[in-house]
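Peer 1: Mind looking over this structure? Questions follow.
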Amino acid sequence: MAIAIIAEYNPFHNGHIYQLEYTKKNFPNDKIYIILSGNFTQRGEISLADFKTKSKIALKYGADFIIKLPFEYATQAAHIFAKGAIKIVNQHKIDKIIFGSESNDVENLYKLANLWNQNQEAYNAFLKYALKLGYSFPKASAFALEEISGQKIVFPNDILGFEYIKQIVANNYPIRAYTLKRSEEFSLKNPEPNIASATYLRQLVNENKSISRFSPMKFIHPVCSLANLYPEFQKIVRETSPENLAKIWLISEGIENLFKKHINEPNFEKFLNAVNSRRYTNSRIKRAMVYILFRIEDPSQFDEEKIQLDCWKNQGF
């Protein structure tokens, strides 16, 4: 018997420690597997800590086994991220997963996943319609689900959890999902006494502020950041033709021309703001930037272990 947690640990923090302790307490007969992203994340960010460090700290705080989520899944949109992660869970004959959820209503997520599975033709028609209107894929997916179910999934952990359960239902995997209540107050503006979101902690780290109240991890500047690689990204985009940019994975729908148009923006944040639109979310843009920076045409053939950034030396626990 085993239970899986699908994680990025960017960075590992007290909320993750609580999840491991909760899982060990409530599933005492199960080995805990972490399906863990490597050095890059689903939102297109460079992980603050490398895979090896994240693995060590997870094992220290209660995980039994670490399985790496391949780059080709770890740096994709939520539905592809979930597809890869749940496929790995099934391959390793792990019969349970547990994830944080704002609603903590796993039965409703199953209900919606079954409704989606039984109405894929209608769902796909609504999805296609929304994409034609210029919606981003996440917004189009939410629109299509609401059209067939009358419900919106609005919280980020519920959205990702729904994607996990969709994969379980669609593939009839012998896996049962469980949830751990995660407060919607668990945010940038409302950190709890000793627990804060990874987003908030990344902000503190980037501002060179201590996160010791919220995490056992320590970081020294300069830390890993896509913003620090923006000059290199500018150089590549300026020197590469649109035709050759379009050969890179995720560079489609003319996004290469949009990048060319705004490549003289003076910094990463201004570039993001210039390129961001209803169709292209920040995460979609950042994922594309990662693929351009490392000239990745086929993510299944990309060995991220060959990328060694000095900033990964500036972290530990």
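Keep in mind that glycine also has a Cβ here, set from the backbone N, Cα and C atoms.
Pulled the feature table from Swiss-Prot, pasting it below:
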- 6-19, G100, N157, R182: ATP binding site (BINDING)
Peer 1: For the binding-site residues Y9, F12, Y18, which one has the sparsest Cβ surroundings, going by other Cβ atoms within 10 Å?
Peer 2: Y18
Peer 1: Of all the binding-site residues here, I6, G15, N157, which one's CB has the most other CB atoms within 10 A?
Peer 2: I6
